[in-house]
């Protein structure tokens, strides 16, 4: 009610909007078929059960709203943990935490502390409750917490680290909110930019030679490394795919990566598929650019591509085969960019973090094109790939119907006109008939021409 | 009158708008109380005298408009000198120049030349006269002039330095205007970004190994420094607070810092308080991040926090206890960022300048929140903290009155309706009475619900 | 037809819009003078012939639309080659390719491949056909192709280089489109930013110590170089002017630079003049900042200034003497910035590319001013300096006429009023006459005052 300059649009969630349609859909589902046989019944039951744990678990989220606040915060924290991979699902979050504990308990603790304090901070500085409940303020927190522990040179269980961890986690919603004010002008999400900014901030502010919070040493490459192609280890290369997915959370354990893949699959198979493709693309790019094999095995070429491929392939664009190809192209671009950024950052003693993902995904989301099948969803309607796809199909169908109706009306109008003219003709003598029909035909052609043009461009576009 | 693409909004002043209400208020003041006693008379007289030298000295500015152009330019230069600290006051500017002369006369000369040529350049390239008169094109000039002298390795009184000094000062309004075109889209000021850009430009373009304009050598830290806590010198630590304020202008003399504090106090006690808090926060952060004591004593941890704390605490946000806390948080964030940027810049042989302040203040000004007491003033209404606060209170009061009136009207309408229904009831038989009252009650509840909700959120917000 | 968030404005061409008025103008030209003598006839004929090869060769472009697609693409590629210098002319493109072949055939091949694949990629990802036909997606491609060959350390005719060359060229339209989405908000072109981003990306991703694609080694300066002013070689210094123009395409051959100058001249003499001035300004700046003579001779100080001077001097601003001075100022600023960026980039083993030009030109295009003669053309109306000037004059003339008409109407109205009053006067007695005339005069003065004011500001502005 204040004459505030703060755009209400900017108050919208950072990455996606909570839409509670699914619960309504679910309620309607059982009512649907009047006389289902046992097979149909079983299928419907199964679908219902799947809907409870898959997707964004909206029903669970609704139910949570009535629970005790601490339970709610736990839900938000779990969703936040999964939102790193664009998954808004507390079960996936729980599985991800299991994977983290398998990797390193100290890291897992730091990750939990980070998510928790980021969420609390978002509550304190008065951010949108719906966005918080979807974990959109937590995912930067978990990454900040985890990676500060991963890159700390003070060893595990160095408890002082929790202090900067909490400080930086609490700064997450501030940076998120500020970046959202900028990015919302282009209807773009903030991705993991706050995490990148804050972890780099902490690492470069302290550095390797700090007394309180020393960091792992990163140094630029100053000589040629060995590269013997015969030494290429194929099992390790294959294992780099799950490791690449694990590296999104800074984990180099292939089992942890595998657990993360399960977490992705239960929420969204499309996300799972693109994560796998992204990791593979990253690995191939590493080989193409003659990267040290050790880095490829360690998943350093994969994790950015994983995120970029998920983001473009179905999450922020509706999944069509064009956007699928775009996602693969983005993954390649991201791998290239990853190598570049890693080299630049090493000059400052910094890792690449997920800068390559953020920059490449933002670039690919900023593209404007005349191809209709590359459809960027409005940020407020982004949920998860499957649901985004349904949204896109629905919209396309409605449009087609509207088009058809318009055409029918036009045809009818033209028919009517023709008939009127015919009637008028019959009243008149026959000698003038030829001229009139020519007129009518001309009229038709002029009416049709724009349509034909647009069809031509459509044809042209689908040649892509 | 040209169909220009240049938005007129972007032509507005860079940081604050000249509003001449104070003069009118002052004229009205003496008319106010009809029969004042001697005490009141004295107080009124005192207030009037204070208003002549405190705040933005608007009366003086008005009077200046009729003077000779060189005198006017002197006024603008002095205001420009003070605008570094967001103070629009020629007297403060004069005191600041005195402090600079106490520090180093060659630096002071360079600062004066910088301010002068930046102001002249702004006139030449046709910038808004009001903004120039408020010193908004001078403050980057003084910093450019001063810091180019401070970081020059050619020694004092190296007269050739005036050439790049004049060139860079004259480039200030160009960069200011360009940045304002971008920042105005988010209603943000340009702060000292032009200074940062131009001084870094000059330093990195020439570098330490230049024949004409050699720069002081900055190098990245490559080993652990000693840090013996028992060696901590408390008097020096305490002295680092005024030194931190002095370092805003590149001065390491505690007395100069003290003089600057006086300059702040006479214009705005709120600014003075936040400057002191900011400097203290910077010093504490330096200790927390294990910085070399010498840097802390030298005020390098303070000056960015000083500026950030002033900007958030009352200058661009209306001062409430929430924004006061936000200012302290911003100062801590700024100190962290300062350490990070100093390390990054040292790779290029550059000092941190005031990049940390600019980036942290911009981040904190971009935040969007649902808390009503964090109110960002429209850039055109920003003057100085005390006046901003009066603006905020006034706006809040008007809003409260409007709300009350609305409520009264609603109550009256509901009362009237009830009475009407009652009258209708009495005409009718008694058997239908129960049903109607229920209706009325329902109506009331639905009307009240939105209000109660908004009150609930308010309560929630004030829990912060 | 989708409710897309992608602004249609953003789909507009990146730097200039295809406007086909010239063809119409040409058709009208011969009709113009009814009875021309032989001299006039010859002149008209000459003008017509000049119009066929000068400017943007719009008639040729129109004619091309009906040709075979491969021929069309060749036209687009040639225009793309020339668009690096803001020249939309296939003949200039052809001459430029001749210059490149003179310099190095392998580089020329890479440049051609780059332009070709960038254009094809723009077609594939559905960019605006008009922008493609004007070469606006090709010019980044030619630079990417050329400079990747120039900076490759693997020697000429290393055929594998074509792979990253094609990949990066095809990424050009993606990055162009993304940047255009951002820059279009300020009605700014993307310049050569996509080239800068992608070449730096490739170079820093691979680096000097890469097995597949090693890069030339760039290292920061770490000691004083010799600088003996007596060794200054004036013929070489003079030759650095065409070399500077050649360096826009990475060519150090003075003859190649000369050929490029011819290519510029046949399209637009204003562009040619500003290119020469820019190169000279760069050379002078290099001397002023004590750069190693070898760099100056090699044209490294010139090429950014060339581009910046062309962009500001008549291309995006209408050419007046104010914008001419602005262009020279921009060239100086660009030279300074060039030195700074070269030093910063060398830390990462990178050359400066054309970052200095992009950043300085964008800065100078973002300026807002109250001077009417600094008129930034709407991006959609930018063609080439001569035509831009005609557009500006036409607009100014129309405005003057509109102003005059308004004034006349006002005068007439005031005259009429006066006459009415006079008539009324005559009916009345003579004693009240004096009072009325005073009234009329007062009315006149109040009406004139705003006009006089605006004239005063105009006078003030022309004092620049």
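Glycine is treated like the rest: Cβ placed from N, Cα and C.
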TrEMBL annotation of transmembrane segment - which of the ranges B:76-101, B:206-231, B:232-257 it falls on:
B:76-101
Can you identify, from B:31-49, B:50-68, B:107-125, B:183-201, the stretch that TrEMBL calls transmembrane segment?
B:107-125
So which range, B:419-441, B:442-464, gets flagged region 'Disordered' in TrEMBL?
B:442-464
Might you confirm whether the transmembrane segment (B:157-180) is in contact with the transmembrane segment (B:296-318), defined here as three or more C-beta pairs under 8 A between residues 6 or more apart in sequence?
no
Residue list, the transmembrane segment (B:270-290) vs rest of chain: Cβ under 8 Å, 6 or more residues beyond ends.
85-87, 227, 237, 240-242, 244-245, 261, 264, 296, 299-310, 313-315, 319, 327-328, 331-332, 334-336, 338-339, 384-386, 389
Establish whether the number of Cβ pairs under 8 Å between the transmembrane segment (B:325-342) and the transmembrane segment (B:157-180) reaches at least three, counting only pairs separated by 6 or more residues.
no
In the same chain, which residue numbers or ranges, 6 or more beyond the ends of the transmembrane segment (B:76-101), come under 8 angstroms Cβ to Cβ?
15-16, 53-57, 60, 107-108, 111-112, 115-116, 118-119, 132-139, 141-143, 146, 192, 246, 248-249, 251, 255-257, 259-260, 262-264, 266-268, 271, 275, 306-307, 310-311, 315, 383-384
